[in-house]
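The structure appears right after this line, and notes come after that.
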Number of protein chains: 4
Amino acid sequence: MTQLEKQLIEWRRDFHQYPELGFLEMRTATIVADILEGLGYELEIGKAVMDPDYCMGKPSEEETKQHLEWARANGAVEKYLGLVSEGYTGIVATLDTGKSGPTVAYRVDMDALPIVEATGDDHVPVKEDFRSTNDNMHACGHDVHTTIGLGLATKLMENKDQLKGKMKLIFQPAEEGTRGARSMVEAGVVSDVDYFVASHIGTGVPHDHFVAANNGFLATSKMDVTFKGRSSHAGGNPEEGKNAMLAAANAVINLNAIPRHSGGATRINVGELHAGSGRNIIADHAALKIETRGETSDINDYVKSQAEAVIEGAAKMYGVTPHIELVGEGESADCSLEVAEVLKDIAEQEGLSSDLRSDASAGSEDATFFINAVQKHGGQGTYCIFGTELAAGHHNEKFDINEDSMPHAVNILFESAKALGEK
Amino acid sequence: MTQLEKQLIEWRRDFHQYPELGFLEMRTATIVADILEGLGYELEIGKAVMDPDYCMGKPSEEETKQHLEWARANGAVEKYLGLVSEGYTGIVATLDTGKSGPTVAYRVDMDALPIVEATGDDHVPVKEDFRSTNDNMHACGHDVHTTIGLGLATKLMENKDQLKGKMKLIFQPAEEGTRGARSMVEAGVVSDVDYFVASHIGTGVPHDHFVAANNGFLATSKMDVTFKGRSSHAGGNPEEGKNAMLAAANAVINLNAIPRHSGGATRINVGELHAGSGRNIIADHAALKIETRGETSDINDYVKSQAEAVIEGAAKMYGVTPHIELVGEGESADCSLEVAEVLKDIAEQEGLSSDLRSDASAGSEDATFFINAVQKHGGQGTYCIFGTELAAGHHNEKFDINEDSMPHAVNILFESAKALGEK
Amino acid sequence: MTQLEKQLIEWRRDFHQYPELGFLEMRTATIVADILEGLGYELEIGKAVMDPDYCMGKPSEEETKQHLEWARANGAVEKYLGLVSEGYTGIVATLDTGKSGPTVAYRVDMDALPIVEATGDDHVPVKEDFRSTNDNMHACGHDVHTTIGLGLATKLMENKDQLKGKMKLIFQPAEEGTRGARSMVEAGVVSDVDYFVASHIGTGVPHDHFVAANNGFLATSKMDVTFKGRSSHAGGNPEEGKNAMLAAANAVINLNAIPRHSGGATRINVGELHAGSGRNIIADHAALKIETRGETSDINDYVKSQAEAVIEGAAKMYGVTPHIELVGEGESADCSLEVAEVLKDIAEQEGLSSDLRSDASAGSEDATFFINAVQKHGGQGTYCIFGTELAAGHHNEKFDINEDSMPHAVNILFESAKALGEK
Amino acid sequence: MTQLEKQLIEWRRDFHQYPELGFLEMRTATIVADILEGLGYELEIGKAVMDPDYCMGKPSEEETKQHLEWARANGAVEKYLGLVSEGYTGIVATLDTGKSGPTVAYRVDMDALPIVEATGDDHVPVKEDFRSTNDNMHACGHDVHTTIGLGLATKLMENKDQLKGKMKLIFQPAEEGTRGARSMVEAGVVSDVDYFVASHIGTGVPHDHFVAANNGFLATSKMDVTFKGRSSHAGGNPEEGKNAMLAAANAVINLNAIPRHSGGATRINVGELHAGSGRNIIADHAALKIETRGETSDINDYVKSQAEAVIEGAAKMYGVTPHIELVGEGESADCSLEVAEVLKDIAEQEGLSSDLRSDASAGSEDATFFINAVQKHGGQGTYCIFGTELAAGHHNEKFDINEDSMPHAVNILFESAKALGEK
């Protein structure tokens, strides 16, 4: 095992033990920043690379402050903590080769999930003593992604003279819930990028296999909706209430009744509903968690706008006030096959089998905002997947990967930087 | 049997044979006008005593024209037909005694119901050969009311010198569906009235019994509602439709869910719903017939305004356009006991048993508009009921009354005119 | 101030400081038992006077155990604690005079509300240092009722030789939510009772005024409803879910749409609804808190059975499993005027003004189960109200009474025992 | 133009002038039978080839009798009329070559649509004087299909000695609404068939182009649903009604809310809803026209069974009785490519361009029942399309075809009979 391979495992297991939720990746981000600065990268951190107006579903100030204390107590690098203390935890690290050439960007994500990790001895992180130290878990592999990003950073800097153009490494917060990417796009992070590569580990792709262009992400919108009414005694003065629960119940049913779309698949779900405060009181508030999806961004926009009409109409029926907060959003995207072919060739040279593209339906991702932004100004972008063995599916408490897949991932991305720099 | 008693029967049986629906009482009204003018009354007919803006649920121009032809062919008095040809069939007949005194008004109604009369030999109108000649029926006794009005007119004029003040006889169209009274009130018909008496025959009050003040009318609003959407092929392009049926279905359910009122009884009903035009087409239209009621006018107003909100909200949910047409309305009323006592005393002198007042729930009536308008400017009004034997309930195809009750009714009203003129 | 008057205040303020929720009145009941036994009463406690099958909305075993520890630590009388440790806290104390005569029963209730008492200095319990020591509060005056019961017990025993027949004092748990009375009725507590008197303090009746027969209680049913479905990923496999939230939403709307009843007022409310566990998961459970009311028991039964049909139908629509738990119930009742007249006369001799009866709508009460049971076997029962000054309305955090009303109450009930014993 | 080509036009224009709706093709079928018998075919007609239990959406006895009179008056062949007089209008004509070989079947459909044909001079049937003589119209080309079937019959018999095995010509009623095919399948009409070919003209395929295997038919179920409740006066006794309109409204909304299916497209529509009979009457009946679709038969079955649950649950909520009548059904199908290749080769020899298969979404068809039944017992089947110029789209009042496409169609089918007989 090379020194870098050992280092990758060490990094990954460290991040795995200290998982942080979206917009709270303070320990992770400050350690990442410290390593990158040590390697010689030029860094931009926090609001410099994130537009606060487009951060969706950000935790409250209170939660953010509490987490800051946790991060400080658990190994965050104090030097950078001021820059991320309000929860703007994105980082862009740049390496300018000084030689003319394109700008090539790589995105990795850093956040974890609110899942309690498994405790059985058959779970490798337990057996090898790197289980999560809190109630969150890297159950989607973003610890691995951050590690791959640092491995790539190391190799790029070590082999700087083989490169041309400019390299940008984007460490994104809050991919879970598709909440963080857009704020980095709106801050202009990829406005100068010619080639863009996002990547993910696992997702069902077999070990030693590679997918160069993963299309099929469903566009999605996540919304938190509240209805504010007026309470009254249900026995004494029912006519004085403004029943938020009735508005919410109508919204739930009619959201599900939004017409299908002939252009492709749609999804709508109200996953949570809480209303009312006592058996004999007309409910004066109701809160819903909603999610729409569409096979394309246009189709999702259709569902979303229908949903807004349903919510407003339901509120109007009962004289209550609706409030819709967008707490996450992802687009569909169509990967650039030219970049994908470069990646596929490299993967095959690396000894992996590979697919140029996959169009199978594939959940949602906000890397699509980067890809679409880059393509819009004439650049190219793709989303690739490194196969690995999974101990259990993503978002499962027993999720785990085969760490052997990490060096392959670092090599493929490094070689792509070399190759794309020549373009 | 006196001459007048014979005449009453003759009139009643004539009207019974030629029943006309609300705002179409052209034959009836022109015959009434002819008789009243013959007696020497000063007449105002049609738009002079009806504000067109407040005629609710008026038949279409087409239907009105068709009925004009029917009336012409069935005995309408041509001389007055021009005044009522557009369906404004109200009449106010005035007798000014020349002597100082109050203005006393009596209201009778003239319209019939769209009910096909019974054909069996046990039904007196069949047996005695005055069954309806068309598909409508005087199944609520308004033929009797019109007759009583003419009887009263006759006695008043014959005994003019026993009277003081001014007498107004109001022949109202379209009481069924509570559609006609308000237009006469808005035209100012009772703005000079000091004492007002409306009356009804039957309603479950026993023969030879009299109720002087019938409260308990539920306020009501009748509405025809349509939703206009956009059709599309349900298989091919479901997303292009604007589904009027879904809006209507939501309206139906949520109208029924309007909160109860702590102040008294409410009612809401959607009695008819028709939507759509083909199995595989998104419905672009829906039509509902709605009725609200409340123990008081305020409570009915509450239900009505909630209903409007529900309709608008349901429309908004599905992007369709709602239209609400008010096609009938009645208020609650609280009869003036001073007038009622006058009537009660007379009834008892006439040999009838009597109640001063009844507060039992009693359907809806638009005479309440007259009573409330008179009371508002300081006058007094009541709604009295002449008991009679009924062959079957009101609005039943076998409805019939005991004609013996008619002379009593005429006498009571005539005596009240004398007594109230003294006030 | 007499010794008994001082004692009443002492008892009341002690109970006020240690309020206990329904079926958890362990400290209260054991102190009551100890005092009654000291006075010489024959006692029946717990399951002897409560049928477990008819205890509605009883706290869980866990909560009951926890409260037992609290009671033990806060002054419960250990000797009786074993009898009430499972939450069956009812007591029946009997005084048999040995002389022939009727059985006369008095009911008082003992439970408090989950309301945090006011802390301001203007609140008498704060100023005079007897504010609640926990997060519950006697905000409905049941501390006063228990005290009156003990005062009555004292006077009856002290004047035993003036009495005839048998006296039963019923200390009932869990009147709040109308949960406790029925279990005592089903246990046969009033099956031998000839005259029954329940009483309440306050409720808007002025100080020094008395209402002898308070009718107008709405019959009511309280239900906790759950729907159990099946979760699935809303994006990945929507067709595999059984959506409990959709069933619940339909139930909420259609419960509100239960038709009005021509026989009298109805009420229906869903006060709380909680469903689902994550934005992108089909909700597999939903929980509702429901309350029906009717002007009579029959009308409430109508609403309740309609509600059951709605719940079952809504479940069927989505293939989920409904569960309805009755957690409280009260009937309507028609007080016996013969007993009420006895009470009214006594109150007037006591110097109070009084009403024989009040039929105004008056919330719900489960003493009605006792009244109806007594009347059913030929006895008589009434529900009387002792007026007092209220610092704030019932169930308000500033609720307080004028303690001067307590001696009046004790005297009236004592004198009624004497008088009814003579019947 | 050959004699047969002239005959084709003559037949087509005759059928076009006398369009008959599904299960009423009495004139058409008796003329077809007469021609086929004249050619020497062995015929089975009516119930011999149709299982009455599987006729869906069949007109009432009354309508059927009325149409019989129309047919008799408009050229039906009396000799066969007895066999089809109850609306069982299917025909199977068999030609047994006597030589060993497979059984090859061809299906054509005969019914028209309730569309009033255009009257403008630019519409060829008007200009050339063969416009429909009644209010129906062959607006989907089934007049052409019947004609092609007769043309094929003619050529087969004329060239009998070039054929092997057995030839079956299936003339199917009621394809519109996917109502007729299943009854012929259930009667065993294709239980001995080795090769099956259904065909259609037009559907957007260009003139002189041919599609040999048209997949992509959506499975579908058409249902007529009624709810039967109990009426009552909405003001007087609302609690006595069983509101069928409320059940229907709930059904409409929740049918639309049936969850999407991850396996493919679904559709659901309620196209018509009629409920209630008067504004102030609780509606005692409601009728709905429903249609489900699914990308596969399994997916449609999923939607259908969810729909049944919704309907039953909605009925249960309001205590009304639901009735579901299946009035049409179609399956998805996967054409046999081996047969399709035979057809494609022949079409290209005939000078047409062609596609082997099309998987585009393609409405619904009940020929799929034949294909699936044949494949189930090991045979092969396909659905092919003869391109033509359309004056306007199918089901449009100006629909018309280019008659030049008919001889091609006859030739292709005839040649396929020769080729398939060799297999």
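Using N, Cα and C of the backbone, Cβ positions are placed for all residues, glycine too.
What TrEMBL lists as Mn(2+) binding site is C:CYS140, C:HIS142, C:GLU176, C:HIS200, C:HIS395. Within 10 Å of the C-beta of C:HIS142 (Mn(2+) binding site) we count 28 further C-beta atoms, all protein chains included.
What TrEMBL records for C:223-315 is domain 'Peptidase M20 dimerisation'. Per-residue pLDDT, averaged across the domain 'Peptidase M20 dimerisation' (C:223-315), gives 96.
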Can you tell me the three-state DSSP label for C:HIS142 (Mn(2+) binding site)? helix
DSSP-derived class (H/G/I helix, E/B strand, else coil) of C:HIS200 (Mn(2+) binding site): strand
If you count the other CB atoms within 10 A of the CB of C:HIS395 (Mn(2+) binding site), including all protein chains displayed, you should get 13
Let me check the 10 A CB neighbour count of C:GLU176 (Mn(2+) binding site). How many other CB atoms are there? 21
Including all protein chains displayed, how many Cβ atoms other than that of C:HIS200 (Mn(2+) binding site) lie within 10 Å of its Cβ? 25
What residues, ordered by sequence, lie under 8 A Cβ-to-Cβ from C:CYS140 (Mn(2+) binding site) and sit at least six positions away in the same chain? C:ALA112, C:LEU113, C:GLU176, C:HIS394, C:HIS395, C:PHE399
Could you break down the residues of the domain 'Peptidase M20 dimerisation' (C:223-315) into DSSP helix, strand and coil, giving a count for each? 35 helix, 30 strand, 28 coil
So, three-state DSSP: helix, strand or coil for C:HIS395 (Mn(2+) binding site)? coil
Show, in sequence order, which residues other than C:CYS140, C:HIS142, C:GLU176, C:HIS200, C:HIS395 on the same chain lie with their Cβ within 8 Å of the centre of the Cβ atoms of the Mn(2+) site. C:ASP109, C:ASP111, C:LEU113, C:HIS138, C:ALA139, C:GLY141, C:GLU175, C:HIS394
